């Protein structure tokens, strides 16, 4: 009788060594895509060793974006990679942090569930980690179990914070049997230019550190800026005691969407299914090859300005970037991102310099007052020139503030930025007021996750979605103040989508006869975009940018309101010269 009967679900762990930011998440995502293309059901999970319960309150400059799942969990940005490569929605259980694990264990101790035991890292913390790992193998809503669970272990081998997670993974292999668990280790093979050599010692030491805690990797991903020669692969296989078929060279790829092809060329997917005795078929490249043609063979190029507060770290807008690029794939267009700090747009000269040669302006989400006037100035500049504008979350709120100021509410602002403003056109949501006032925790308390919306028939957004009923993910505490709807509408801005009860403004836009494309959404549609299924709003935005570039649109006439609300019309194009380089 087998001591470890084959399980219905196999587990594959991805760890990293030598250095951080080697691409463990993209490696895991790409392998997941390959196994999915072989007909297997795959789900993924990220284990994060930090003590935060979730990244929701972390500084974007430190952590990057917060990826919100359908069920409202604030998760690591790698979960976004998982969803995009697998083309499936994941839940909050796809991200486990040390903070979550310790919170659960301490709560159990307070309830007396450990019956007087001394609570320790082993077994109590590791058992809780194992419970969360094994929960990923449970049947989903349709009663089907995944064939493979891919679990990425954050951090680097040797970090103190990662040790409980690595120990838990080791125990999973012990509990389920070696034939049911696979360890993949991502390591750096640096190239020393002065000597012209690739060095294998860092990888050997990284694997030695992993083996010292009881884990022998089944395969190694060798990260390098060039291909690793066969002779060095053989040396690494010998010194690290890894099958030569499991030594995978992964030089830097032109695009992240090329990585599945790189891994397949090295036959990693075949090695995994053979080792885990998985049923499989040949890889179906139909959809992915079409994507790669769109990535590498664009028919045109457009420039989109991303006017944000955190542009020094592109990871703060990772899903936004991928969604814009996917919108370009839809139209066989390459999207070049022009990174614009919103602080740089606060003066007329600054905004003209930053946006003078772009074909579209995207205003992403964010928090806090810094840079807000620059975002509003960018919207005014774009409106006066027929330049397409797309606002996300805070971007919608800035569009509304700009519209309100244009009809005489010169002190219009958000309660977030100016609590004492006489015209709070953006107000705190009723169920968030006690949180904003400091009477409750900030973490995990925003309006989070998927919510439905009803769109106005014939609107730009309804035409883009090809539907009047949609659902999008959210992450916010503030909303359009309904007391100002009628006054704001005097600017021409339409409230083209609301919550089903009509209370919460979800989408705004200017009619095409007033401006070709100014659209804002309170949601974060970038979180649902896929490279093979671009989000319709991003596709529509990129199409508007293409039309702007091709049409060389003339400036539009805008009504200007003086402080008493009276209207004065100026032909903007007569007073402000056209940008010199639009193509």
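Count begins at 1; order follows the chain as displayed.
Heads up, the Cβ atoms here are built off N, Cα and C, so glycines get one too.
Listed in Swiss-Prot for this protein:
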type	residues	note
REGION	1-278	region 'Amidoligase domain'
BINDING	20, 159, 160, 161, 199, 200, 201, 202, 203, 204, 235	CTP binding site
BINDING	21, 22, 23, 24, 25, 26, 78	ATP binding site
BINDING	78, 152	Mg(2+) binding site
BINDING	366, 394, 395, 396, 397, 416, 477	L-glutamine binding site
REGION	559-583	region 'Disordered'
Open item on the list: Give me the count of other Cβ atoms within 10 A of the Cβ belonging to residue 24 (ATP binding site).
Closed with: 25
Open item on the list: Using a 10 Å cut-off between Cα atoms, which of these binding-site residues sit near residue 25 (ATP binding site): 152, 235, 366, 395, 416?
Closed with: 152
Open item on the list: Going by a 10 angstroms cut-off between Cβ atoms, which of the binding-site residues 78, 152, 416 has the sparsest surroundings?
Closed with: 416
Open item on the list: Between all pairs in 21, 22, 23, 24, 25, 26, 78 (listed as ATP binders), what's the biggest Cα distance, rounded to the nearest Å?
Closed with: 13
TODO: Report, in whole Å, the straight Cα-to-Cα distance of residue 78 (ATP binding site) from residue 395 (L-glutamine binding site).
DONE: 24
Task: Mean of pLDDT values spanning the region 'Amidoligase domain' (1-278) - done: 93
- [ ] Count the Cβ atoms, other than its own, that fall within 10 Å of the Cβ of residue 21 (ATP binding site), considering every protein chain shown.
- [x] 11
Task: In the chain carrying residue 26 (ATP binding site), residues 6 or more apart in sequence that have Cβ under 8 angstroms from it - done: 81, 256, 259
Open item on the list: Cα-Cα, whole number of Å: residue 366 (L-glutamine binding site) versus residue 22 (ATP binding site)?
Closed with: 27
Task: Rounded distance in angstrom between the Cα atoms of residue 394 (L-glutamine binding site) and residue 203 (CTP binding site) - done: 44
TODO: Determine, to the nearest whole angstrom, how far the Cα atom of residue 160 (CTP binding site) is from the Cα atom of residue 152 (Mg(2+) binding site).
DONE: 17
Task: In three-state DSSP terms, the structure that residue 366 (L-glutamine binding site) belongs to - done: coil
Task: DSSP three-state assignment for residue 24 (ATP binding site) - done: helix
